[in-house]
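Here the structure is laid out as structure tokens; the discussion comes afterwards.
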Amino acid sequence: MTATDDTTRGSAMEIHRLLDEAFAGVEMTADLQDLKEEMRANLVARAAEFEREGLSPVAAAQRAMPEAGDIRSLIDEVETATDAATPAWARYRVRPKPGFLVRTVVLAAVAAAALTAVVLATVDVAVPGPAQLVAVVAVALAAGFVVADALRQETTTNYPMPAGRAAGYGAATTVALLGAGGAWRYALDRELPWLIGGALAVVASIVVFTVLGATQTNRHKPWVLRFAASHQDVGDRFTEDPSAAARFGLYTVTLWLVAIAAFAVLGLTVGWAWSPLALVAGFAAMLLVLARMLFAPRH
């Protein structure tokens, strides 16, 4: 190894040390690492020139460093450019909590096992009646808990929902699935109480979902609101006019009371095979009212 190689290596080590000091306390990214390596290569080459002029490795490195300019300003520029180029969802990303993921996986496995029993009973595999009921309840409870638990989690775009409201959504989900389970039992056994109970449960869950949705407050984070403000406003009337949301809730309750009454009347007079038409009509009317009230007309 020649004396020149030893001298150049000495200045390179000094440049390495000085750059580490300049970047101390900075969270390194790929762009900042590229900047550091580019500066290192340029400064080592410049220090080698000073060494050939007779300076010592340390003196050559210290003389070369000022030629890099204000390193802190360069770091700030790179960080600013990186932030501007990074999508907002990536900068504000919130990772799911491990406990939530574990609970979801466990409950999903329970629901899948219970759903297997439901499927087997549907294809005429011998499944005891009590086991069928337990399976339906297990699926409904697992789904409801997962819904409530998910709404309680902070996400990239939303803050956590209050515990009471999240529990309401979870309970409505459970009741809706229990209603679907009642309809399923009616399809298997042709016992009318299952159909009536299932229909009432589904209607009740729809009413709860509607009330919760109509009274829902904003959970979006500030960056989402800024992003939405930069795009065309579709005229969400419920956000702009809380009284309209309250009226929609009252209209919905009235519609479903009428639909339930019509369901019972049709079942007792025309026949239970025709009674679900009342629920379909009630649901269609609710959607029409929602479409009319949710979006403010443009003038």
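Keep in mind that glycine also has a Cβ here, set from the backbone N, Cα and C atoms.
For 100-123, 129-148, 169-188, 194-214, 248-268, 274-295, the entry in TrEMBL reads transmembrane segment.
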Same-chain residues near the transmembrane segment (129-148), Cβ under 8 Å, at least 6 residues beyond its ends: 103-104, 107-108, 110-111, 113-115, 117-118, 121, 166-167, 169-175, 177-178, 181, 184-185
Stretch among 100-123, 169-188, 248-268, 274-295 sharing the most Cβ pairs under 8 Å with the transmembrane segment (194-214): 169-188
Which of 100-123, 169-188, 248-268 contacts the transmembrane segment (274-295) most, counting Cβ pairs under 8 Å: 248-268
